[in-house]
Structures are given as C-alpha cells and as structure tokens.
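**Student:** If you scroll down you'll find the structure; I have some questions about it.
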Amino acid sequence: MTDEPTTTGAEPRRLLPTATAAQTWAALRAEFARLPGLSAAAVTLLVAASATGLVAPWVLGRLVDDVIAGSGTARIVAWAGVIAGAAVLAGLLTAAGAAIAARLGETVLARLRERVLDRALHLPSATLERAGTGDLIARAGDDVAVVTNVITTSGPAFVGALLSTVLTAVGLFALDWRLGLAGLTAAPMYALALRWYLKWSVPYYARERVATGERSQAMAGALRGAATVRAYRMEDAHVARIADRSATARDLSLEIFGLHTRFGLRINRSEFVGLAAVLLAGFLLVRNGLSTVGAATSAALYFHRLFNPIGLLLLQSDAVLQAGASLARLVGVTSLPGADGPASVPSQPSTTKGEAEPAALEVVVAQHRYDDGPVVLRDVQLRLAPGERVALVGASGAGKSTLASIAAGIIAPADGSVRLRGVPLSHLGEHRVRREIALISQEVHVFAGLLRDDLRLADPDATDAEMTAALDLVGATSWLRTLPDGLDTGVGEGGRQLTAGQAQQLALARLVLADPTVAILDEATAEAGSAGARDLDRAAVAATEGRTTLVVAHRLTQAATADRVVVLEHGRVTEEGTHDELLEAGGGYSQLWRSWSSADLVAPSKPLA
Ligand SMILES: Nc1ncnc2c1ncn2[C@@H]1O[C@H](COP(=O)(O)OP(=O)(O)OP(=O)(O)O)[C@@H](O)[C@H]1O
C-alpha cells in the first residue's frame, strides 16, 4: 500500500451531543431489557447453536481414539449418528437464533429511531437553531441507515461469530489447556492484522463514499441539465467528467478489493501459525503420553473451526465500529432534554419594582453575536405594552430578524433576557412559550397534506367553522372557494402549489387558530404584487388584532400603521416613537419615509432596502 490515505479534514462543529461508549451501552442494555423474553430467547438460541457446533469436533476426536483402540463398527456408526444429529440441531438452532436476533435488532432499532425522531421534533427551538438542521438530518438519516445496515445484514452473523469464537476457545482450553495456549499464539498475529486493516480501511471507505457520491452527482447534474448540455454542445465534456469520476470510484473499489485480499493473506498467516502450534503441541503431548491422538485431533478441528468466525469478526469490524459511532450519535440525541423546561410556571405575572404594569414582552439585549461572529445587537431594550403594535425598521443586516427571533424565544441572546409579563422565558418552558408567542418568519412552510391538516398544526381541535373563519379573517376566502375540495384539498408538495402570498395567509390563519398573546411577524411579503402586499398587510393587522405584536417592517406602510416604531441601525436602537413623532423629529426615519413614500407613488409596495 503506497498511497497515503487522505484525511477527511476538520469535522464541522457538532452542537448536538454524542454519547460516550458507556452511555451507548447503557442505552442499548436498557432497550434490550425492555424486551426480556425476546432477548433471552435470542441469547439462549445463539449460545445453544454455538455449543452444539462444538459437538462434532469433540466426537471426531473420540472417534479417532476409538479407531486406534480397535472399537467395532457399531460404535463408529453411533458416533457418526451423533455428529449428524448435532449438525442438524446446530443448523436449526442457528436459523432460529438468527431469525429471533434479527427481530430483536429490528425492534430495538425501530424504537431508537422513533425516540430520535421524537426528540428531534421536540427539541427546544434555541437548541435546534444553534445546532442547525443539517446535523440532525444527518443523524436521523445517515446514522440510522448505517446502524440499520449493520443490524439487519451483519449484526446477527457478527453476534453468532463472537459467541462461536468464545465458546470454541473455551472448548479448546477445556479439552487441554496446553493445546489452548498453543492456539493462543495466533492471537497477537490476528490483532496485528486487524490493526493494519483498520488503519487502511477506514480512510479508504471514506474516500470511496466521496468518490461514489461525486460520480452520482456528475451523472445527476448532466441528466438534470440535459437540455442545456445539448444546447451548448457540452456532451463530450460532461461524458468526460462522468468517465473521470467513474474511473476514480472504480480504482478505489479495486484498491479496496486489493486491501481485502491482503488482509485475507494476513489472516491466513495467523491461522497457519495457530494451527501449526496446536498440531506441534498435540504431537509433543501425544509423544510424551500426556494426551491422546483424539484430543489433539479435536483441538486441531476446534482451532480450524475458529477460522470462519474470526475472519467474519475481523472483516466486519470496521462496519461494526462505524455503526457504534453512529449509534453513539443517535443515543446523544435521545439524551437531550425535552422541549419542556422547569414545571413550575408562575401563574401570576410578576412586576418589576416601581412599574405600574408589567410589559407584555420585554427584551433586553446587552449584546448578541452568533458564535464567534461580530456583535449584531448591542444595548437594545424593547418593551411592548399589552396589545401594543411595534414596528422594527432598519436596513438589511441591521439585526431586525435576530431581534425578532430573540423576542420569540427562538434564539437566546448571548447576553440579555426576554420576559413575558415579567417572567423570564427560560422559566416558562418551551411549550408554554410556543403557546404564548407565535413567530411567522421569512420562511413560511406549507406542509404537504390536506389544507385542513396544515391549519390544524396550530390547533389540533379546530373545527371546520373555526378554520374557515380564520381563513376568512386573513382574506383567503376568495382562493379557498376555488379549491376543488375546500379544506380537504391537498396542498404543498404533490398537491396544489400555493403562491407566496397564499402561503403567508395560511401562516396568518394558523396564527389566528393558535391564538397566542404575542405575535411576532417577520414575513417578507415584498415579492407579492402591490395589491397583494396591501392585502397581506391588512390580513396581518386582522390576525394580530388585540395581540401584543412586533412587526419587522419590510415596507414602511407597516411602520406607519404601528403604535410605535423602533429604528435599528447596525444593531443599535437609534430612534423610537410613533410614526408622526419620528417624522416630526426629522431624523433618519423621516428621511427614509420621505424618499420611500415618494418612490412609493410609483411602486407603492416597494420593499425596504
Ligand atoms: N444564523 C446566523 N448566523 C450567523 N450570522 C447571522 C445569522 N443570522 C444573521 N446573521 C448576521 O447577523 C446580522 C443581522 O442579521 P439579521 O438577519 O438579523 O438582519 P436584518 O435586519 O433582519 O436583515 P434582513 O432585513 O436582510 O433580514 C447580519 O450581519 C447577518 O449576517
């Protein structure tokens, strides 16, 4: 092996935890303990199958001794009958054991998968926001696939091989400890062979995965853009690129094949040394009258019997190690705390000393930055009175969305706090916060399924009348009427595609059904046409009527209709007051308004910078 394996580079920072080996084992044990009958049956059958496999070599040894002692044919036939019976029994037990072990593995895996998904979907939004969804999707997808593959394909065989190896080694020592020790001389060679294999196989497999991924990507890219490829006569270049990627993947597969061959050679060498040692020890023991030819024969057969299980264990070791690593990442997710915080939720709003009425929502951010990035918010204090409508205005990148996410409890400020009627959000627990504060962010998602189900995400008990009323309130009745099956129409992927404006209305209708006390709107409806934008503004006002509302103003008309306007510049509050007060003050906001409203005569829904 001359070429050095490429390292895969620094791993991206993982914010979701990975369980330790001890935690992973504990989680696995707990899962198996929940299925005591199935676990006991699998272990019993697999142990019995391996033990029955020991009968034939032992009987063959006895048979050799009997032949030497000149026993009659009847005895030999009887031994042959025992061997045949043991072989049939071992076959039956192995088949039954493997079937039950597979069922056990599948059940444990299914439960683990459910727990990972359950935990992932209930993760506190702050954790999810910090970790990003990529890692979670990789765990719920790739890691589950790796573990599934091992559990369903090589898992039962691996466990069977492990048991066979242990029991055969015990049998070898039970036969004669000196013969057992002779067999052990192969152990260091096996260990060295394994170390050599793992050193090369892990980086090789990683490179192979990258290479096959690139090959698929090159092919998919060329096929997806087939029309463009043809239009620009780039067929040859694309075929050449695919051929190049294929050649890389093929060469790596061949090198891995060569790696296996060389590993096989090393295993064969270990087997040779071990078997030779057992035979030599047997010869010496028999010559000195310390053992019988039969016992030495059985020992040699036992050792020979180890070839297959040890080979299997060694060849599968990398897959099992990878599955172990994936399992640790899955168990890491399941050990995360749930979405609910401390149970003690103060029933009465607490008032800060000296204040007549507690703010419905109070956001104090001394400073906020994303990880090690620059400071994006500094010295921001935002108090929203009950039912008040506040608009956040500022240029792109000023920190409006960040402040909105902090106010909604989606991300925690690096240094600061958010209080709902005087109670810190951290004391309320995720469920309560989600019930009280709703955020409509810039990415409005229409879930694939019936319109009814999409609405019921906000309130599972909503009646048809309530859903229709909510859609009516946000001005969606006109398109609701055009749907062939009304609330039972399929929407989203695979169903009726909603326009950006309709998706926004759906999100607002969900907000009405969820009925939170605080609404935070960061919807960018600028892509809607001017009439559509005005409709959405009206819909947003109707949906948030009576609620304490923070609106990230993507158009200044949203600010003009708010009770108060807060202007953010480079993460700081530079102006604050009613629309009229700020116009009178003649600051940045009034300039912005003047230039915007004069341009607005031409394009009334022009988005803010
Ligand atoms: N998840 C994130 N990770 C790192 N930096 C971020 C993240 N989200 C926003 N930022 C940065 O924080 C700063 C403020 O962004 P933010 O989205 O809050 O501004 P904004 O005023 O809402 O802008 P826009 O109107 O364009 O959405 C920007 O410099 C942005 O690059």
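Backbone N, Cα and C atoms are what each Cβ position is placed from, and that goes for glycine too.
Copying in the features that TrEMBL gives for the protein in this structure:
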- 40-322: domain 'ABC transmembrane type-1' (DOMAIN)
- 359-595: domain 'ABC transporter' (DOMAIN)
- 35-56: transmembrane segment (TRANSMEM)
- 76-105: transmembrane segment (TRANSMEM)
- 157-175: transmembrane segment (TRANSMEM)
- 181-198: transmembrane segment (TRANSMEM)
- 272-290: transmembrane segment (TRANSMEM)
**Student:** Which range out of 35-56, 76-105, 157-175, 272-290 gives the transmembrane segment (181-198) the most CB pairs under 8 Å?
**Tutor:** 272-290
**Student:** Report, as numbers and ranges, every residue of the chain located at least six residues beyond the transmembrane segment (35-56) whose Cβ falls under 8 Å of a Cβ in that stretch; write 'none' if there are none.
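**Tutor:** Same-chain contacts beyond the flanks: 82-83, 86-87, 89-90, 93-94, 96-98, 100-101, 103-104, 107-108, 156, 159-160, 163-164, 167-168, 171, 301-302, 305.
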**Student:** What parts of the chain pack near the transmembrane segment (272-290), using Cβ distances under 8 Å and only residues at least 6 beyond its ends?
**Tutor:** 176, 178-179, 181-183, 185-186, 189, 296-297, 299-300, 303-304, 306
**Student:** Could you pull out which residues elsewhere in the chain have a CB under 8 Å from any CB of the transmembrane segment (76-105), counting only those six or more residues past its ends?
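**Tutor:** Non-local partners: 32, 35, 38-39, 41-42, 45-46, 48-49, 52-53, 55-56, 59-60, 62-63, 66-67, 151-152, 155-157, 159-160.
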